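See below for the structure under consideration.
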Amino acid sequence: MNRVPNDAENAHSSTVESCPSLRDVHSINPAQLMARIESYNGRDKKGISDVRRTFCLFVTFDLLFITLLWIIELNVKGGIETTLEKEVLQYDYSSSYFDIFLLAVFRFKVLILAYAMCRLRHWWAIAFTTAVTSAFLLAKVIISQLFSQGAFGYVLPIISFILAWIETWFLDFKVLPQEAEEENRFLIAQDASERAALLHPRVLSDGQFYSPPESVAGRSDEDSEDKQDSEKPVV
């Protein structure tokens, strides 16, 4: 005999538990969504994203690091002035490291122009610089006589090759996917704000509420009392 009330109580409790989920669906706060959209708009106005800025910093590090290694190589060979004149003014493809420095300058200019100034969202620029770097370094290692010049004959080409491919990996697997994900989040938040604006009614302003003055209400009560007194029969 007690199963029917228990079943009814269980059904009632299940409906009560399901009410918050329905309430959560309709409890979208348009203010929070607009704040999130404004934060995304603020990022666009601010300039490049954080991950893209990190990529540009790494490209700058590439140039500075290759420049530092080249200056060290100039000092090791017997002084900057004499070695610089020999490698730059008397350039020899088989023995000079000046072209590896120019290759780092080429990567820096192309990548900063494409991904910092033009804010390109494609991989063709980094693919071009990496292909040129890889082909030039492979040809230089095969044809030139760098390996006979000591440790820098190994270090500069290998470091330049590794940095170029790290830049490619970082852009292709970090910068572009993360920016695409942030853009998708912005579109979803914008769509949700439009739906929330349709679900929630417009808030009534203060001018739409009307309350009669207290004086008018008091006078109407007094008039009704006087009228009742006048209608009473005189004894």
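Using N, Cα and C of the backbone, Cβ positions are placed for all residues, glycine too.
Taken straight from TrEMBL:
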| type | residues | note |
| --- | --- | --- |
| REGION | 1-20 | region 'Disordered' |
| DOMAIN | 48-219 | domain 'MENTAL' |
| TRANSMEM | 55-76 | transmembrane segment |
| TRANSMEM | 96-116 | transmembrane segment |
| TRANSMEM | 123-145 | transmembrane segment |
| TRANSMEM | 151-171 | transmembrane segment |
| REGION | 205-235 | region 'Disordered' |
Surrounding residues of the transmembrane segment (55-76) on its own chain - C-beta under 8 Å, 6+ positions past either end: 48, 83-84, 87, 97-98, 100-101, 104-105, 107-108, 111-112, 115-116, 150, 152, 155-156, 159-160, 163-164, 166-167, 170-171, 174-175
Same-chain residues at least 6 beyond the ends of the transmembrane segment (96-116) with a Cβ under 8 Å from one of its Cβ atoms are 48, 52, 55-56, 59-60, 62-63, 66-67, 70, 73, 86-88, 125-126, 128-129, 132-133, 136-137, 140, 146, 152, 156-157, 160, 164, 167, 171, 175
Across the whole of the domain 'MENTAL' (48-219), what does the mean pLDDT come to? Round it, please. 85
